[in-house]
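Here is what Swiss-Prot records for this protein:
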type: SITE; residues: R14; note: site 'Transition state stabilizer'
type: SITE; residues: K21; note: site 'Transition state stabilizer'
type: SITE; residues: R152; note: site 'Positions MEP for the nucleophilic attack'
type: SITE; residues: K211; note: site 'Positions MEP for the nucleophilic attack'
Amino acid sequence: MNTAIVLAGGSGKRMHSEIPKQYMQLNGKPVIYYSLKAFEESEHVDEIILVTAKEYIEYVRNEIAGSQFAKLTKIIEGGKERFDSVWAGLQQISEKGYVYIHDGARPCINQNIINACWETVVQTDACVAAAPVKDTIKVADADEYAINTPDRKTLWQIQTPQVFSADVIKEAYSRLYEQNCFDGVTDDAMVVERYGNSKIKLVNCGYCNIKITTPEDMEIAGIFLKG
């Protein structure tokens with residue numbers, strides 16, 4: 001069975017909102033709606049697990065879930081950090097099949113992205129949606145002085161979904177929690193890099209799959225979704 005774990009535990013602090021960004025309105029729908037819809041319509045996904053804050057579980061059940069999302073089989077409580085929420089989701093699935101892990105604040109995911117990741121993961125066991133960096137990147141010291149300029153040709157900006165064979169990602173996360181070393185863990189690919197044996201293939205998914213973090217992102221995502 002192939003599962004999509006959709007993370008909806010973020011806050012709205014940088015959006016200057018008391019409502020988590022995943023539940024803010026975007027083109028007349030909650031932001032999270034678009035991710036759920038994309039996975040619901042995918043032939044490569046059998047079930048969806050939504051991980052959210054405890055206080056929003058009933059809201060999701062009453063206002064978002066329903067017949068339109070038949071694949072949404074579980075709505076569960078997340079953890080304090082992103083990796084805690086992913087781990088909570090992973091404990092709900094079997095060792096077989098593939099797992100899409102996706103940030104619910106990326107509403108512009110589409111079938112092309114899902115399909116491209118699928119075609120890659122069945123060959124590699126581990127891949128992430130990404131895009132080559134367009135801007136020059138500087139490494140700074142503690143005083144915000146530039147100290148180094150990495151070769152831009154080697155840099156990619158990482159997105160979601162991050163897709164893995166279920167046994168690969170569950171084993172990596174199990175070892176993460178066994179080692180109890182969470183410093184610097186920002187995404188799932190990093191967990192596999194540290195504790196797995198699979199190389200991570202980057203899948204060029206372009207620049208429209210943005211993560212909503214600021215009010216400006218909401219405006220841009222709205223334009224992308226209108227197509």
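Yeah, the Cβs are placed from backbone N, Cα and C, and that goes for glycine too.
Long-range Cβ neighbours of R152 (site 'Positions MEP for the nucleophilic attack') (same chain, at least 6 residues apart, Cβ-Cβ under 8 Å): V133, D135, T136, I137. Each residue contributes its Cα atom, and for K211 (site 'Positions MEP for the nucleophilic attack') and K21 (site 'Transition state stabilizer') those atoms are 10 Å apart. Residue with the densest Cβ environment among the recorded sites K21, K211: K21, by other Cβ atoms within 10 Å.
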